[in-house]
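Colleague: Residues or ranges marked as region 'Disordered' in TrEMBL: B:1-40, B:376-474. Residues annotated as compositional bias 'Polar residues' in TrEMBL: B:1-10, B:378-404. According to TrEMBL, the compositional bias 'Pro residues' annotation covers B:14-24. Look at TrEMBL and you will find B:65-83, B:89-112, B:208-233, B:253-277 tagged as transmembrane segment. Summarising the annotation, TrEMBL assigns domain 'Palmitoyltransferase DHHC' to B:162-287. Annotated compositional bias 'Basic residues' per TrEMBL: B:423-434, in sequence order.
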Amino acid sequence: MAETHSLQDMRQQAAITAKVFIQRDYSSGTMCQFQTKFPSELENRIDKQQFEETVRALNNMYAEAEKLGSQSYIEGCLACLTAYTVFLCMETHYEKVLKKIAKYIQEQNDKIYAPRGLLLTDPIERGLRVVEITIFEDRSLTR
Amino acid sequence: MKNCEYQQIDPQALPTPTPTPPPHHGNDTEKKKEPRRPRRKWEVFPGKNRFYCNGRIIVARQSGVLPLTLGLILVTSGLFFIFDCPFLVKHLTSCIPVIGGVLFVFVLITLLQTSFTDPGILPRATPDEAADIEKQIDNTGNTSYRPPPRTKEVLINQQVVKLKYCFTCKMFRPPRTSHCSLCDNCVERFDHHCPWVGNCVGKRNYRFFYTFIVSLSFLTAFIFGCVTTHLALRAQGGKGLVFALQESPGSAVELVICFFSVWSILGLSGFHTYLVASNLTTNEDIKGSWSGKSGEDVTNPYSHKNIFINCCSVLCAPMPPSLIDRRGFLPADESAQTGSADIELPTLAAKSEINVCTQGTKGLLESAALSPLLSTSCPQGKPQNAHSCPETSPALNSDPTSEFSKGCRGNHTSSSHDDTSRPRHTKARSKKCRREALHIPNPAFDVPVSPTSPDAAPDSKARSHKGGSLTPLH
C-alpha cells in the first residue's frame, strides 16, 4: 500500500519537472518497437541498464502481439469464415497481450520507477506513438 | 538512488493538493457536486467523424454514397429473391436462394464492418509530445529564414523511407500512414478513402473491405448468372426475350445493375488481390513509391517476398486495437492541466481514488466506464465540429494535404491544448477555422456527389465502375 500512496501522491501532489518521450523505432518496419536509446534527462535518476531492459521487454511483448504465427493464421481464417463477427464476441490475441503489457508497466512503475520519482505511461494511451516518462520533482532535495 | 522519500509521504500532510476531479465514482455526492457529467473521448474527438451508439460506431463525416451502396445491394438482392428465386427453385435447384442468401449476408456484414470500424486512426499528439518534437526539429534546423525540414528519414529493411511531419496531428507520421483530408485524421497503413463505404480504408478495416469486394463480386456474378439463366429459361420455346422481360420486370432491373457493376467490381477485386499479394496499399501503388520510377533500385520494404506470407500478413494478422479509445472517459489529470477543473476534491473522493490509482490511468478509465452513471445510449448522429478546418484537397491526399494543413497550422497550434476539453473552446476554434477556410478554395464539395473515386486504379475498369454504377440512376 505504501507504493500505492506514492503513485497517487506523485500524480496529484508532486510537481512535474519534465516529460521524456521515447519514440518509435521503425528500422524493422511498421511493427511496434521503441528506441532503446537512453535519454539524457534520466541520467541521474535511473540505471541505463534498467531502462533498456524495460524497453526491450516492452518491445518483445509488442512483437509477440503482432507475431504472424500459426495461431494468428487460424484465428484469421476462422474470423473470415464467420464474416469477422467473432471480433465482436472474442477478445483478440493483441488485446490479451495489451493487458499483459499494462500489467507489466504497472509493476515496473511500482517497483522501479515510482521510488525514483518517475512514471511510465502505457504507450496505448498515447496511440502507441511514444513511451512517455514523467519526471517528478525530486522531493529529497527540497526536504 | 533516492528512494523511501516517496513512500513515506502522507497525503494529508502535504500542502494544497492540485484539484483533480476524478472521472466519476458512481457516488451520488460526487455526481451532484460535479457540474458536468463525465464525458467520453469520442465527444471531443478532433477528427471529422461521426459517432453513434455512445461511441461504438464510427463513420466519416461525409457518408459519401454509402446509402446508395446499401440501396443498390438491398434492391438488387431483394428483386433477386422475389422474382428469380421462385422460378429457379422450381426449375433448377433450391440451393440457389441458399447460396444467394449466404453471399448476401456476407456482403452486408462486411460492408457494415468496413463502414463502422475505426480504420486505424492515430490519435493526435498531446501538447507535451508536440512541444518535444518541435524542440527536436528546431535543434536540428538551421538558423536561416527557411523553415526547418519537416521530414525524417529512416532505414527500413535497407530502404530509405521518408517520414513526413503532419501539421494537423503534430507528429511524424509512421511509415505507410497518411492523413486523410476528408476525415482529417492520420490513418495507419492508409489505403484510400472509399466514398462507397463512407469511410477510410486502413490497417484495421482493410480485411473487411477486401472480403466485402470479393464477396460482392461473387454475389454480383451469381445474381447476373441466375438472372440470365432465368430469362433464358423463360424465353425458351420461341417466346422471346421481350416476353420473358415482361413476365419478370424485376429481372430487367437486376440485369442492368449487375451487368454494369460486375466488370468494375471484379476489376477492383483483382486489383486489390494484386495489392494484397505484394503487400502494397492503393496509396503507394498510385504514387509509385516502390515502383522504381525514379530509376533507383527501390523495392517494397514491407513485402515478405512471398505471396502467401504477404496475403496472410494483410488478411490474417492479429487484429490491431483501436488507438483512439472512443468510449474511454476523459482523464481527470488532463482536464485539470487545461485549467477546466472547477471543483474541489472532496476527502471522500481522495480515499476512493487511492483504490482506483492502483490500476493505473487506463484502469482508472476502465473502472470509470463500468460505473452505471452514464447517460444516453445511441445519441443519433452527433456530428463532431471539433476541428472543422475543411481540408480541401481531394481524397487522394498526403502531399496536397500537408500544404493545406500548413494554412491551418497556426490556428491549430494555438488551440491544440484544448483537444481534450471544452465544447466552448471547440466552438471558438471551429469558428476561427471557418473564417480561415473561406480563403481556401473548396473543390472538395464536389467529391461526394461525383466521387473522384479514390478507388481509381490505373486501369480503365475502375473508371467504368464509377461511371457504370451511376448509370442505372438515369
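Each position is counted from 1, following the chain as shown.
Each residue, glycine too, has its Cβ placed from N, Cα and C.
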Colleague: Sort out the residues at least 6 away from either end of the transmembrane segment (B:208-233), same chain, that have Cβ-Cβ distances under 8 Å to it, and list them.
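Modeller: Same-chain residues near the transmembrane segment (B:208-233) but 6 or more away: 73, 76-77, 80, 83-84, 87-88, 91-92, 96, 99-100, 103-104, 106-107, 110-111, 113-114, 117, 191, 194, 197, 201, 241, 244-245, 248, 251, 254-255, 258-259, 261-262, 265-266, 268-269, 272-273, 276, 314-315.
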Colleague: DSSP-wise, what's the residue breakdown of the domain 'Palmitoyltransferase DHHC' (B:162-287) into helix, strand and coil?
Modeller: 71 helix, 19 strand, 36 coil
Colleague: Give the mean pLDDT for the domain 'Palmitoyltransferase DHHC' (B:162-287) on the 0 to 100 scale.
Modeller: 89
